Amino acid sequence: MAYRDPDHMTFEQSYRCYPVSFIEKPNLEKGDKIIMPPSALDRLASLHIEYPMLFELKNPSTGRNTHCGVLEFIADEGLIYIPYWMMENMLLQEGDIVQVKNTSLMKGTFVKLQPHTKDFLDISNPKAILETTLRSYSCLTTGDTIMVAYNDKKYYINIVETKPSAAVCIIETDCEVDFAPPLDYKEPEKRASSKQLSRNPPEAEDEPTNKIPRFSAFSGSGRRLDGKPSAQPIAPACSPILKQHRPENDNVIEGFSSKSSNSVSRPHSGKLVFGSNENPQLGETSKSQAPSEKLEEPKFQAFTGKKYSLKD
């Protein structure tokens, strides 16, 4: 295994990759750190590679790439151990060849993330959980899918966008984070418009108005002085409040009542009048309306008894 371009100040080497679970370091799955052989450390030291040491990983078979940091140099020669989620992103299998090259990345200022499921947003404080998780990462690459573990559950999140470049370093930097809608998010159905609701009002609102009885003044029955009910129909009195809503036919009743009241002769002072003193015209109209009642009941006449003298 030989280094490429030994005179050039760049580290570039090919290794066979295996998941970190092979060396009993499952905690490395929560981050982007890899394990490299000791020979890589000697080469990097000779090139005076400064901290932080960042690398670009590339699958020569598919052309997929990502970026990562390094944690230790304890792997066997010719091998590297990387997190399994990185192997999935690059479509790598156990023992596949991967190219490793040192690189320098700009510090990130903006990252846009998209959860796979909306369950991640149900966490009480997702940004705080994400901030804690990203402390184990050295860099982020657009197009990658990272894994966030919380409460024994794994949440997968896509890196949709990074600024100022497609791959950024997030070590000791203030980075703005934005969330895109989850992949399984569905927009809620639009509710019925207010116009449709106003066209079909509930019938329950109209019931109380129908149950309220209308007030009718002076709607009782009349009686004569002899105790018999009056055959004269009583014209209903019109309320000034309800008069505005009555039809035009009510004018006939109003005119009739005004004429009858004006035509009735006022009683002379000092005299007591028995019976009714109404206008004969009003009596004629009442006779035509109820002729049968007047035929059955004789009209009351005062002082019409039999005449007697003292001689008899």
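Glycine residues also receive a Cβ, built from the backbone N, Cα and C atoms like all the rest.
No curator has checked TrEMBL annotations; they are predicted automatically.
What TrEMBL records for 257-266, 276-291 is compositional bias 'Polar residues'. Positions annotated as domain 'Ubiquitin fusion degradation protein UFD1 N-terminal subdomain 1' by TrEMBL: 11-105. Under the heading domain 'Ubiquitin fusion degradation protein UFD1 N-terminal subdomain 2', TrEMBL lists 107-182. Summarising the annotation, TrEMBL assigns region 'Disordered' to 183-312.
Taken together, the residues in the domain 'Ubiquitin fusion degradation protein UFD1 N-terminal subdomain 2' (107-182) have a mean pLDDT of 90 on the 0 to 100 scale. The helix, strand and coil residue counts that DSSP assigns across the domain 'Ubiquitin fusion degradation protein UFD1 N-terminal subdomain 2' (107-182) are 14 helix, 34 strand, 28 coil.
Look at the domain 'Ubiquitin fusion degradation protein UFD1 N-terminal subdomain 1' (11-105): DSSP puts its residues at 23 helix, 35 strand, 37 coil.
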